[in-house]
Protein chains: 2
Amino acid sequence: MSINYPNGKIYEQSPLNTPKKSNLLLFGKRGMSLEDDINASNAFYLANNVAVIHKKPTPIKIVKVDYPKRSAAVIKEAYFQTASTTDYNGIYNGHYLDFEAKETKNKTSFPLSNFHEHQIEHMKACVLQKGISFVIIKFATLDKLYLLPSKTLLTYWDQQNKDGRKSIPLKTIQTEGFELQYTLNPVIPYLKYVDKMIEHL
Amino acid sequence: MSINYPNGKIYEQSPLNTPKKSNLLLFGKRGMSLEDDINASNAFYLANNVAVIHKKPTPIKIVKVDYPKRSAAVIKEAYFQTASTTDYNGIYNGHYLDFEAKETKNKTSFPLSNFHEHQIEHMKACVLQKGISFVIIKFATLDKLYLLPSKTLLTYWDQQNKDGRKSIPLKTIQTEGFELQYTLNPVIPYLKYVDKMIEHL
């Protein structure tokens, strides 16, 4: 079953999105969705006392709830709401981390339309408060994964109304970001590159 | 309309929980729920570039969604889930903040049963990562509000199986925490006491 968010994006139920066993053996957990991979990485970091990072639940507007006798409350009418922040945040050795994960099928650039104004505003506010803010971008067709500091994204975002460029070139992401290689544990070792961001604070 | 969570707690819809205008004039926004007061305070801090703190949405397990033509997706069956973290987190001038807000009708102590094991585990993990972890406790009957650093809560939590004490005495909260006074903006100026926690880091 796939569920569409109001913005037309597919909401994927994790259990139905599990890869075939053969993929698991060959590629660790690589067959899973980017969200599943990041959640698995965060679970690994948490279990090993490395960092406490969680995905925020999707905000939902509840309209109607039933209370059947002797069983749990059932939400009977509710609607997806647009999040006012990024999806992930938490703490890593005294540093506040805040990030968003996005996938694209594009091959040469990452479209800025993947972000909402309020997410950008949130990133700017986090940067202002000295947080570590970044995006994990998956180029699905190329099978490439990058960590891009928000600074670059925010520059492109603010320039789009001036120069008309509505995407970040892959080359820029390769130069100003870090390529992430899948490993077994954690699946996506993104904190290695967060360390590099911290070095340059 | 009031909606019950599976744990029996009342889920209050904010618009229906708004105080009468006379209360607003006399006491700022004091007639609202503790959650509303904290959210209003966080909105004030955000608007003034002081801190970026958000309440996490309640996690919900979605089972069934309808897609009416030309209108938003409607969730038709869903269930409340237990959160694996505290309700609030964010960043304040380079510091990761993480807290929970709780109300009690007790007059002399705060029952530990207000917390779940996973919330306590989360607080411990945050403290380990050098985060600022605390609880905002409202003694509703006494009309008193306190900020208590997690350290005290965690000590009482870990001791309860040894000494059998299932609550934190109000006197301890007054000695080891900080009394919060309501103000107009922000409604609950809790960052003033977070500053004191930071001083003692």
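Even glycines carry a Cβ here, placed using N, Cα and C.
Curation does not apply to TrEMBL; its annotations are automatic.
The Mg(2+) binding site annotation in TrEMBL covers A:Thr85, A:Asp87, A:Glu100, A:Gln119. Take the CB of A:Thr85 (Mg(2+) binding site) and look out to 10 A: across all protein chains shown you find 22 other CB atoms. A:Thr85 (Mg(2+) binding site) carries neither a helix nor a strand DSSP state and counts as coil.
Around A:Lys102 (site 'Transition state stabilizer'), the same-chain residues at least 6 positions away in sequence with a Cβ under 8 Å from its Cβ are A:Leu34, A:Phe110, A:Asn114, A:Phe115, A:Val135, A:Ile136, A:Ile137, A:Lys138. Annotation source TrEMBL lists site 'Transition state stabilizer' at A:Lys102.
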### Query
Residues with Cβ closer than 8 Å to the Cβ of A:Asp87 (Mg(2+) binding site), same chain and 6+ apart in sequence?
A:Lys55, A:Lys56, A:Phe99, A:Glu100, A:Ala101
### recorded positions (A:Thr85, A:Asp87, A:Glu100, A:Lys102, A:Gln119) in Cβ proximity to chain B, threshold under 8 Å
A:Thr85
### Task
Give the helix, strand or coil assignment DSSP yields for A:Glu100 (Mg(2+) binding site).
strand
### Output field, Mg(2+) shell: CB within 8 Å of site CB centroid, site A:Thr85, A:Asp87, A:Glu100, A:Gln119 dropped
A:Lys56, A:Ala83, A:Thr86, A:Tyr88, A:Asp98, A:Phe99, A:His122, A:Met123
### Query
Which site among A:Glu100, A:Gln119 has the most other CB atoms no more than 10 Å from its CB, taking these as binding-site residues?
A:Glu100
